[in-house]
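Everything below concerns the one structure shown next.
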């Protein structure tokens, strides 16, 4: 019976991962097709924020996601508002990078997120990493450098925007983790809160930069604009679904499994974009992409090993002083934690994971 339950959970995770990869790849391909005909990245950001705001409330209520917790105005202004600002800034940079460079190259550059994570964690949180973690950054940097040097459609603005989006997403991860820990808000409710607030903050910016241009020069004002509207609608829905699927997978697996699944998703996106969009690449370019993704996988493994080593260092001092106490602790852990993972485990694990699919 237990084996049957485990098999069902494994199949569920496998199906959700496949669906996540498909939706994410479709979102990137649709986004690139849309930007080729409709070069207004700010309007795409506006549509995605509208989608999060419009769909999340009714869907989360129907799904039974617990309601928003009370947060003080001081905390709201200190962390929630900056996170919302960062959300639309990262989205705009992402869309500009996809407009300027191929999807495959943009996602290769995004593989530098561990590098930004190590630097920012050191500067902001004072965290030091192990030697294997630092060494894992070498293939990431080397792979991105090779991919950049051999990219046939290279554009400097595209590279800068991809790096800026990655930096902003890394900051989002660090401070989203802090908000989840401090407030206990459900991770999907936080997605809704940030999307709604980002929409409010971004609307004046969009009106100033894009509103008149969109309706003055774009294909939307012609009789052929219906397919652009359909692509905008599809992009908004796919972006929202991508967030939901990412969080669903995150709640069901360990941190390492999720990180590996996320890196695999990036491989899938790169492969699908090359296959469907057909942007020209060289063998050396593909090697650089593969090396960068391999570095991400090595980084995730090194981080996991470092966390496990830290847990052992925390437990070992007790084992030498009181064996009976440790035996009792192990019995308690086995009975109330290992054998009951679905009571609080999924949510508590989420509060310690980075929210990388606010993208």
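Every residue, even glycine, has its Cβ placed from backbone N, Cα and C.
Per TrEMBL, the range carrying the annotation transmembrane segment out of 20-40, 104-124 is 104-124. Of the listed segments 152-173, 218-239, 240-261, TrEMBL assigns transmembrane segment to 240-261. With a cut-off of 8 Å on Cβ pairs spaced 6 or more residues apart, the transmembrane segment (41-63) and the transmembrane segment (188-209) reach 3 or more such pairs and are scored as touching.
Within the same chain, the transmembrane segment (75-98) packs against the transmembrane segment (188-209): three or more Cβ pairs sit under 8 Å, each pair at least 6 residues apart. Between the transmembrane segment (188-209) and the stretches 104-124, 131-150, 240-261, 267-299, it is 240-261 that has the most C-beta pairs under 8 angstroms.
Per-residue pLDDT, averaged across the domain 'Sugar phosphate transporter' (13-300), gives 88.
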